[in-house]
Amino acid sequence: MAQTLLNDTFLRALLREPTDYTPIWLMRQAGRYLPEYNATRARAGSFLGLAKQPDYATEVTLQPLERFPLDAAILFSDILTIPDAMGLGLDFAAGEGPKFAHPVRTEADVAKLAVPDIGATLGYVTDAVREIRRALTDGEGRQRVPLIGFSGSPWTLACYMVEGGGSDDFRTVKSMAYARPDLMHRILDVNAQAVAAYLNAQIEAGAQAVMIFDTWGGALADGGYQRFSLDYVRRVLAQLKREHDGARVPAIAFTKGGGLWLEELAATGVDAVGLDWTVNLGRARERVAGRVALQGNLDPTILFAPPEAIRAEARAVLDSYGNHPGHVFNLGHGISQFTPPEHVAELVDEVHRHSRAIRSGAGS
C-alpha cells in the first residue's frame, strides 16, 4: 500500500517551499520532562535499555506527539551509539552522564578503530526506525508526520571517545588535535565514514530527514573548527543518500555555538542549518541569502517563564524571520528535563497561531 504523508509541512520548510504556517519540533522532545517518558524508562530499566529496544524507543518517540501537535517525530536514540558499536563500552552512570570504559587516547587505541558493521551492531536503531514509521501510519497508509533520523558529528563523537565522557573544557581531545593532529584526523576519518553509513542505514529504514548534531563544534577555535569539525561534516554530507523511495531526504546540520561559521556551514551541502539561541534569526536569514533553510532558535530556558512570556518570545523569533519560506521552529538546544509540559503546549500553539497570522498578513 502506498503511503500518504498527512502533514509534510516540516519537509517542505526544509526545502524552502511555501507553507501555511511554520512547522515546529523540539530537540529532546521525547525526554525526561514528560512523566510518561519516565514511566517507560522505569519499565525499560535504564536509558540504554530504552534506546536499544525498538518497542520502547517507538513508544517514547510517539509520546510527545500524543500531547502536542508537533510537525515531526525524531527517532529516540543517543548520539553515542556509534562509538558504543565500536566497542568502547558505553555506560550511563546515575547522575554522571555517559562514560566509556575504553577511551581512545593512544596510537594503539586509534589503530583498533574501525567502521562498525551497521546491520550487525546497530540493527536495533534501524529496527526502531521501521517500527516508528509503522506506528506513525494508520491502516489506510496515512502517516501523521515525517520521521527524523540523526547522528552525532564526527568531531562531537571524538570528543566523547577521547575524553571518555563529557567534559567542561575538552582539554584531552583538544590537546590531541593540536599535539597529534595525525591521530585526530584518523579518528575523525573513521567517524565520518561511520556516521555516513549509519545515517544512510536510517534513511533506507525509513527516516525522511536526517540531522547531524555537532554539539561541541563550538568548543573549537576559528581555524580548528574548519579543520576538525566542518570538513568532516562536509565529508558525511557528500556520502549521504539524498533521495529514497522517490522523495528528497533533507539534511540538517547543527553546531552549538557555531553562529560565527553560519555561511561556511550553509555551504557544506546541507538543506538546513540549525541555530542556537545566540544568533539573531533575521540577520541569519540575510547571511545565508536563501541558500538553506534555518531551524531554531528559542532559548530553552524561556520555557520556564509564564505562558504569556513564552508566547511573546515565540512571536519575537517568528517576527525576526518574517514572512519567508524556509524556517523550522525549534529550541536553540535540547529541552530541559525540568520544563513544565503545559508550557510546551503554549509554545506549540503560539508558533502555529502566530505564523499563520504572519502568512495571512494579520501580524499579531
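Glycine residues also receive a Cβ, built from the backbone N, Cα and C atoms like all the rest.
Some features that Swiss-Prot has for this protein:
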type	residues	note
BINDING	Arg28, Gln29, Ala30, Gly31, Arg32, Asp78, Tyr160, Thr215, His333	substrate binding site
SITE	Asp78	site 'Transition state stabilizer'
Looking only at Arg28, Arg32, His333, the binding-site residues on record, which one has the least crowded Cβ, with the fewest other Cβ atoms within 10 Å? Arg32
Reduce the DSSP letter at Ala30 (substrate binding site) to three states and note it down. coil
Can you tell which of Ala30, Tyr160 has the least company, meaning the fewest other C-beta atoms within 10 angstroms of its C-beta, among these binding-site residues? Ala30
Rounded Cα distance in angstrom between Ala30 (substrate binding site) and Asp78 (site 'Transition state stabilizer') is 12
Using a Cβ cut-off under 8 Å and a sequence separation of 6 or more, which residues in the same chain sit near Asp78 (site 'Transition state stabilizer')? Phe47, Leu48, Ala51, Pro98
How big is the substrate site in terms of the longest C-alpha to C-alpha distance among Arg28, Gln29, Ala30, Gly31, Arg32, Asp78, Tyr160, Thr215, His333, in angstrom? 23
